């Protein structure tokens with residue numbers, strides 16, 4: 001009789017574990033979005049003064065979930081060896097000497113990425129983001145394609161086409177859309193990876209928007225028909 005009761009309890013426990021797994025599975029991410037932003041555009045909205053004249057990291061975002069685990073607190077001491085790289089390639093554009101931006105990215109996105117064993121610590125998460133950033137070398141690719149900051153406008157198809165041809169995946173390119181609507185300002189480029197960190201197409205709709213702290217402002221998917229302004233760093237001489 002005791003043996004039968006033990007078997008029943010064991011089966012019940014397995015059933016509960018299976019149900020729990022099935023409930024959690026849909027919330028597991030399947031794609032990572034490596035997001036770059038253009039400092040000049042960001043600072044034109046956030047009223048900051050950027051010294052960075054290259055595409056910097058905005059974040060590494062899983063395609064599902066936000067703020068997934070409040071118990072995973074940000075601890076800067078765990079990524080001390082990464083800080084020199086992060087300060088250069090993943091800076092807080094508003095307060096460069098601060099770590100608040102990294103804390104925000106970890107709490108909002110990193111705790112969700114951490115559902116995968118390959119990203120289940122701060123060091124793995126930030127380290128992988130830097131690794132993918134350098135692997136892509138978006139800034140270098142743009143220059144190789146002769147797409148550089150300029151007072152001359154580009155077509156959206158030229159920018160998207162060159163990125164697509166180089167990486168062989170579709171990016172998501174986002175702009176600011178001034179009210180007058182005659183030109184859009186290049187602001188953010190997302191390039192996606194699957195769960196094995198292989199390049200993958202980014203999915204998006206025309207209504208995709210990333211809100212910033214400026215009231216009513218944000219990046220949204222660039223319009224194919226509107227000229228694109230790729231603004232130089234303020235005060236930087238164009239060659």
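Backbone N, Cα and C atoms are what each Cβ position is placed from, and that goes for glycine too.
In TrEMBL, annotation is done automatically, which means it is predicted and not curated.
What you see is a predicted model, and the numbers here were worked out from it, not measured in a lab.
TrEMBL has this to say about the protein:
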type	residues	note
ACT_SITE	58	active site
ACT_SITE	105	active site
ACT_SITE	109	active site
SIGNAL	1-20	signal peptide
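Annotated features taken from TrEMBL, shown on the structure.
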residue: 58; record: active site; contacts (Cβ under 8 Å, 6+ apart): 35, 36, 37, 188
residue: 105; record: active site; contacts (Cβ under 8 Å, 6+ apart): 59, 60
residue: 109; record: active site; contacts (Cβ under 8 Å, 6+ apart): 59, 60, 61, 62, 66
